[in-house]
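Following: one structure in structure tokens, then a few remarks.
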Amino acid sequence: MSGFWYTEKQTPNLGYSCKFTKTLHTETTPFQELAIIDTEQWGRMLVLDNMVMTTINDEFVYHEMISHVALNTHPNPKKVMIIGGGDGGAIREAVKHPSVEKAVLCEIDGRVIETSKEYLPEIASALFGHPKVEVLVADGVKHIQENAGEYDVIMVDSTEPIGPAEGLFALEFYKDVYRALKPDGIMVAQTESPFVNADLIRRVFQDIQSVFPVTKLYTASIPTYPSGLWTFTMGSKVYDPEQADLSKAPDIETRYYTPALHKAAFQLPRFVEALTKKD
Ligand code: AAT
């Protein structure tokens, strides 16, 4: 095979490879190893600690699905928080909502933000001085502890639950997120693959369910993440995402999300649905 190949060792028994043409950037930040490579299939790719975070050609799935499901479930989201998400993709989608007046990004690693602006400007577009956007370089766990009753929607766009993101998958954190939300607020977190991380999904679902009256799991197909089938877990104080009146949703240009898919994403394969039941 000619050319260079990048492999993410997704588990001790599973790898994901793609051919790349160039390494555009590598560095060790105070928090992680950061790289940008240019791949044949997916275009530029952001890699943290040797794990694929996002790529130019499939990022739309993840960023639309982490943001629009919650933002269209809430009837009038005004203030939004994104924890992690330093590439800017989730906040780019959030500020498309006319009701959103302010979107705050709280990313622990400022180098992810700066490198994404330099090499992934299509994804980071809202980070170049957008009037609705505020950027904080800080630990999301701490920010959430210190801001009660602030947000309509909180998205947890985090790395895997190792290193700095460990606290973002803890029961205490979900309790703090509940407090940081307004009385009808909604949270959503990326919660990994049901093929690879079933135990994590089960545990996180139960933890969020112990805090929020409405807790729902939904899926999306993300080709560059382990197994390609990905989950998001939503915790809501009042609104049920499956009952949302999407006829009033703003007309936002998307490539993956549709109102019908919003509802369909909650229809789970049986083995995934099983992860939401107490055993
Ligand atoms: N938008 C898709 C990209 C990501 S990156 C997730 C970000 O979370 C990283 O930039 C990381 O620095 C940041 N992060 C980790 N821990 C914290 C924390 N405690 N506070 C704030 N930010 C944090 C998500 C990829 C999804 C999974 C891929 N397999």
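Positions of Cβ are set from backbone N, Cα and C atoms, glycine also.
TrEMBL does not curate its annotations; it predicts them automatically.
Spermidine binding, as stated in TrEMBL, involves HIS63, ASP157, SER158, THR159, GLU160; the candidate among ASP38, ASP87, ASP184 given for that site is ASP87. Together with GLU107, ASP139, GLY140, PRO164, the S-methyl-5'-thioadenosine site in TrEMBL holds one more listed residue from GLN32, GLN41, GLN209, GLN243, which is GLN32. Within its own chain, SER158 (spermidine binding site) has ILE83, GLY84, GLY140, ALA165, LEU168, PHE169, ALA189, GLN190 as residues 6 or more apart in sequence whose C-beta sits under 8 angstroms from its own. Separation of the C-alpha atoms of THR159 (spermidine binding site) and GLN32 (S-methyl-5'-thioadenosine binding site): 11 Å, rounded to the nearest whole number. Of all the binding-site residues listed here (GLN32, GLU107, ASP139), GLN32 has the Cα closest to the Cα of GLU160 (spermidine binding site). Look at ASP157 (spermidine binding site): DSSP puts it in a strand.
Of the candidate binding-site residues, GLN32, GLU107, ASP139, PRO164, the one lying closest to ASP157 (spermidine binding site) when CA atoms are compared is GLU107. As a whole number, the greatest separation of Cα atoms within the spermidine-binding residue list HIS63, ASP87, ASP157, SER158, THR159, GLU160 is 16 Å.
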